[in-house]
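Participant: Mind looking over this structure? Questions follow.
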Amino acid sequence: MARFELQKLYIDGAYSDAGSDATFEAINPANGEVLAHVQRATKEDVERAVVSAEKGQKIWAAMTAMERSRILRRAVDILRERNDELAALETLDTGKAFSETKYVDIVTGADVLEYYAGLVPAIEGEQIPLRDTSFVYTRREPLGVVAGIGAWNYPIQIALWKSAPALAAGNAMIFKPSEVTSLTTLKLAEIYTEAGVPNGVFNVLTGSGREVGTWLTEHPRIEKISFTGGTDTGKKVMASASASSLKDVTMELGGKSPLIICDDADLDRAADTAMMANFYSSGQVCTNGTRVFVPSHLKAAFEAKIVERVARIRVGNPEDENTNFGPLVSFPHMESVLGYIAKGKEEGARVLCGGERLTDGEFAKGAFVAPTVFTDCTDDMTIVREEIFGPVMAILSYETEEEVIRRANDTDFGLAAGIVTRDLNRAHRVIHQLEAGICWINAWGESDAKMPVGGYKQSGVGRENGISSLNNFTRIKSVQVELGDYVSVF
């Protein structure tokens with residue numbers, strides 16, 4: 001017996017049965033409990049959602065900027081009023097510690113929505129003089145119907161990061177959450193409707209990326225895809241979107257980010273930064289700094305500080321607010337992470353701590369993996385080359401600044417990077433040479449609503465958050481006005 005009732009699709013401002021009886025299970029990864037049975041959208045459901053979105057978008061775009069802004073601000077208020085309720089549901093569905101979801105997931109998502117709600121009246125064009133009798137003006141117009149495809153690690157936050165600029169610009173969005181974590185996105189759809197967003201402007205289709213995601217990327221009347229997920233899937237999304245109708249695509253993809261500890265760094269601060277860059281959200285953050293570069297002569301001292309801090313991690317029931325490290329998001333993902341850990345051991349990396357599944361007591365029912373630190377790693381090891389998306393830190397030693405910059409950039413990814421140093425001249429000098437779209441100096445992980453985020457190389461296309469994301473959900477129309485006589489050459 002599932003804890004919650006059957007989860008339906010959300011189309012045209014209300015819950016709606018899918019076109020088939022097929023469902024999948026939402027599983028609590030802390031104990032294997034079936035939380036809910038979730039309906040799988042069909043291709044016909046995708047078409048229904050598009051028709052609904054087209055209708056709603058016309059109503060939404062016709063509203064004044066202040067009207068749209070006020071409605072989105074009401075949604076912000078509702079999100080904040082229901083913060084704890086939504087955070088508790090997110091914890092059940094993802095396994096993330098309530099101490100995290102309560103203070104981060106809904107809070108930061110609401111901040112992004114508030115930011116874009118404030119920018120709605122600021123969407124403006126330009127006036128360009130040509131001569132005394134003629135000028136050009138530009139308009140920023142909504143794209144129309146767009147689609148968002150989310151990842152499983154920050155379900156409601158990602159849904160808000162994508163829907164906030166889209167709706168602020170006057171678009172309608174069809175959102176497909178990850179099949180692994182679908183529950184809070186459906187609640188977000190309810191909140192948008194309650195706040196006054198017209199029916200159809202935010203529809204939610206649940207199901208697999210292979211089916212529902214593909215139908216969305218291929219649909220000829222969807223103008224843009226905003227995708228968060230793995231690099232391999234992102235390549236397929238881009239190919240599908242361009243083949244069907246030359247859709248605009250924004251993608252936030254994988255990473256294998258470097259964290260460089262300099263020889264002048266405060267080692268306590270360096271260790272604290274490395275812990276946040278590797279074990280926050282049980283290591284399931286795309287920007288994690290999993291390649292930690294440490295000067296050779298400081299490696300032993302740094303390792304000791306890391307081991308000390310790992311011992312203080314409070315692994316446990318994620319619903320307990322004292323817990324700060326929960327299970328991985330699913331049992332299949334746990335097996336993937338354990339496979340990488342086994343590979344690290346096989347290839348000669350030394351386990352400093354962790355390195356196994358936790359099975360004592362209540363842990364046996366869940367997808368718990370011990371916080372794991374490998375040292376004596378080399379650049380060619382699988383755990384150093386590939387994104388693990390779990391609580392696995394790899395410590396690498398280096399000798400010179402030139403060397404560490406070269407090695408930090410020796411990756412197909414380019415999502416994030418960081419440096420810990422007391423010398424700000426060095427910090428900027430190194431950061432400016434790192435091939436990464438998001439960089440931190442003496443910190444790790446904060447992504448404010450005003451901060452554009454996205455990757456270099458195979459870590460993404462385009463940016464989310466900041467003013468640039470709002471502009472990316474509009475298209476520019478140029479209009480020339482002639483006030484004088486018009487003379488034909490014919």
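Here the Cβ of each residue, glycine as well, is placed from N, Cα and C on the backbone.
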Participant: Swiss-Prot has Gly150, Ala151, Trp152, Lys176, Pro177, Ser178, Glu179, Gly230, Thr231, Asp232, Thr233, Cys286, Glu387 binding NAD(+). Which one of Gly200, Gly254, Gly366 is in the same site?
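Facilitator: My reading of Swiss-Prot gives Gly254 as the candidate in that site.
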Participant: Would you identify which residue of Val180, Val197, Val201 Swiss-Prot lists as part of the K(+) 1 site it also attributes to Ile27, Asp93?
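Facilitator: Candidate listed by Swiss-Prot for the same site: Val180.
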Participant: Suppose we draw a 10 Å sphere around the Cβ of Asp93 (K(+) 1 binding site). How many other Cβ atoms does it contain, all chains included?
Facilitator: 28
Participant: Given a 10 Å Cβ-Cβ cut-off, pick out the one of the recorded positions Asp248, Glu464 that has the most other Cβ atoms nearby.
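Facilitator: In terms of Cβ crowding, the pick is Glu464.
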Participant: Of all the recorded positions given, Val180, Cys286, which has the fewest Cβ neighbours within 10 Å once its own Cβ is left out?
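Facilitator: Lowest Cβ count within 10 Å among the recorded positions (Val180, Cys286) is Val180.
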Participant: Using the centroid of the Cβ atoms of Ile27, Asp93, Val180 as reference, list every other same-chain residue with Cβ within 8 Å of it (recorded K(+) 1 site), in sequence order.
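Facilitator: Apart from Ile27, Asp93, Val180, the close residues are Ala26, Asn28, Pro29, Leu35, Thr94, Gly95, Trp152, Thr181, Ser182, Leu183, Val329, Ser330.
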Participant: Around Lys162 (active site, charge relay system), which of the listed recorded positions (Ile27, Asp93, Val180, Asp248, Glu252, Glu464) come within 10 Å, judging by Cα atoms?
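Facilitator: Within 10 Å Cα-Cα: Glu464.
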Participant: 10 Å Cβ neighbour count around Lys162 (active site, charge relay system)?
Facilitator: 26
Participant: If you measure C-alpha to C-alpha, which of Ile27, Asp93, Val180, Glu464 (recorded positions) come within 10 angstroms of Glu252 (active site, proton acceptor)?
Facilitator: Glu464
Participant: Return the count of C-beta atoms lying within 10 angstroms of the C-beta of Ile27 (K(+) 1 binding site), excluding that atom itself.
Facilitator: 21
